[in-house]
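Database features, via Swiss-Prot:
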| type | residues | note |
| --- | --- | --- |
| SIGNAL | 1-28 | signal peptide |
| BINDING | 66, 69, 82, 96 | [4Fe-4S] cluster binding site |
């Protein structure tokens, strides 16, 4: 088999590998949402669930955190995406008033 034919056959594999690699780079580029961000402040977001004001958010429970919220898109990672904060990551151990138990 010629080198050219071998090269042409490998293009789809290289393209797929490149796409997967680029997806990882794009994912890693998301900044963390700041607690002072207007959307975060409106939802009472805290990067550490233990720092939530119980008087202000009486429905908050110590075992509630972004990592076990239905909206969290980070799996078991220390930070991950949340549709409420487009383009920004939240802390796995964070919390906001939109917390909803994972099914």
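Quick reminder: no glycine exception, Cβ is built from N, Cα and C everywhere.
Mapped onto this structure are the features recorded in Swiss-Prot.
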residue	record	DSSP (3 states)
66	[4Fe-4S] cluster binding site	helix
82	[4Fe-4S] cluster binding site	coil
96	[4Fe-4S] cluster binding site	coil
Starting from the Cβ centroid of 66, 69, 82, 96, which together make up the recorded [4Fe-4S] cluster site, report each further residue of the same chain whose Cβ lies within 8 Å of that point, ordered by sequence. 45, 65, 71, 72, 84, 90, 94, 95, 98, 99
Same-chain residues at least 6 apart in sequence whose Cβ lies under 8 Å from residue 66 ([4Fe-4S] cluster binding site): 49, 72, 74, 80, 82, 90, 91, 92, 93, 94, 95, 96, 99
Counting across all protein chains present, how many other Cβ atoms fall within 10 Å of the Cβ of residue 96 ([4Fe-4S] cluster binding site)? 27
Just counting, how many other CB atoms are there within 10 A of the CB of residue 69 ([4Fe-4S] cluster binding site)? 21
